[in-house]
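According to Swiss-Prot, the protein carries these features:
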- 20-299: domain 'Protein kinase' (DOMAIN)
- V26, G27, M28, G29, A30, F31, G32, L33, V34, K49: ATP binding site (BINDING)
- D141: active site, proton acceptor (ACT_SITE)
- T171: phosphothreonine (MOD_RES)
- Y173: phosphotyrosine (MOD_RES)
Amino acid sequence: MAEFVRAQIFGTTFEITSRYTDLQPVGMGAFGLVCSARDQLTGQPVAVKKIMKPFSTPVLSKRTYRELKLLKHLRHENIISLSDIFISPLEDIYFVTELLGTDLHRLLTSRPLEKQFIQYFLYQILRGLKYVHSAGVVHRDLKPSNILINENCDLKICDFGLARIQDPQMTGYVSTRYYRAPEIMLTWQKYDVEVDIWSTGCIFAEMLEGKPLFPGKDHVNQFSIITELLGTPPDDVIQTICSENTLRFVKSLPKRERQPLANKFKNADPDAVDLLERMLVFDPKKRIRATEALAHEYLSPYHDPTDEPEAEEKFDWSFNDADLPVDTWKIMMYSEILDFHNIDQGNDASQALAEGLGQGQQNFA
């Protein structure tokens, strides 16, 4: 049984195993607080993410289970990796990952990026996406604050809590507005890996310009700003809109012509503009894929087809349509944690763990 230590961070109780010391807050998200810490076992700095009340509702339980399964499955140099996971006596879940010094949002607000950094960061984002997409996963919430970077300029994509299966029937608004693909705004349903390419294009443009490309004040304004630059969506894209209200809105907009991006990005490398043109395309089917983008001339200094791996197997989404009670998600979560720590689930300890789920008395680190 692990020994747990409590600390107050921003009024939130962090209850972590004694393996981790020197807690310092580094970020707050909608679903959890992240602290830096030192791993006593390895001597390395780590990030500890507390998932708030993971078992309070079936929806939150499923979301936490999904993020855990994804972090366990996705193993790639440009994806954040899970080094530890545990459930505290208070039944909060903690994910422990490597700690990177900053994120792209902080970098972009501090200074303009030089060309070689823009190239290298974009290359690593696309290299990570090639792997993620090959696993049958769509991130859905790519934005500069989800792109972590260390002092060596190594880049890792994080926060897979919103990620979903590649599925023609996806729903809802999920990504931060500035980076949201038009098909999410227009259809609310049918979208796929291409939404991540659009988001990456918006991030790429922000690296080139030093400010967001489409800073919409709301959803309507967001779409209007997009059409000012990229023109009115083609008819075949408009025909895919499912919502009658959205369809009326789009048809009410004045007809606009697409502006050459070279006019907006006057100081950018022509190859950079060409790649951006291929990423920011209304029709998802005509948008460049991660694999194709990696082979683009702009990324030739870094492109190496022998070192841009795909996933060995697809992610198992069989749980995703399940509508289960909290206690069942809890049992599944504990099972995943036991598996992560290579604990035999047939032994007496794991039996005791399962029996004690309702009371939250059994905890493994």
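Heads up, the Cβ atoms here are built off N, Cα and C, so glycines get one too.
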Whole-number mean pLDDT, the domain 'Protein kinase' (20-299), equals 89
If you count CB neighbours within 10 Å, which one among the recorded positions V26, D141 has the smallest count?
V26
In which DSSP state, out of helix, strand and coil, do we find D141 (active site, proton acceptor)?
coil
Show which residues of the chain containing G32 (ATP binding site), separated from it by at least 6 in sequence, have their CB under 8 Å from its CB.
K49, K50, I51, M52
Indicate whether V34 (ATP binding site) is helix, strand or coil by DSSP.
strand
Neighbouring CB atoms within 10 angstroms of the CB of V34 (ATP binding site), all protein chains considered, total 19
Rounded Cα distance, in Å, between M28 (ATP binding site) and D141 (active site, proton acceptor) is 16
Just to verify a number: CA distance, V26 (ATP binding site) to the residue listed as 'active site, proton acceptor', in angstrom, no decimals.
20
C-alpha spacing of V34 (ATP binding site) relative to D141 (active site, proton acceptor), in angstrom
18
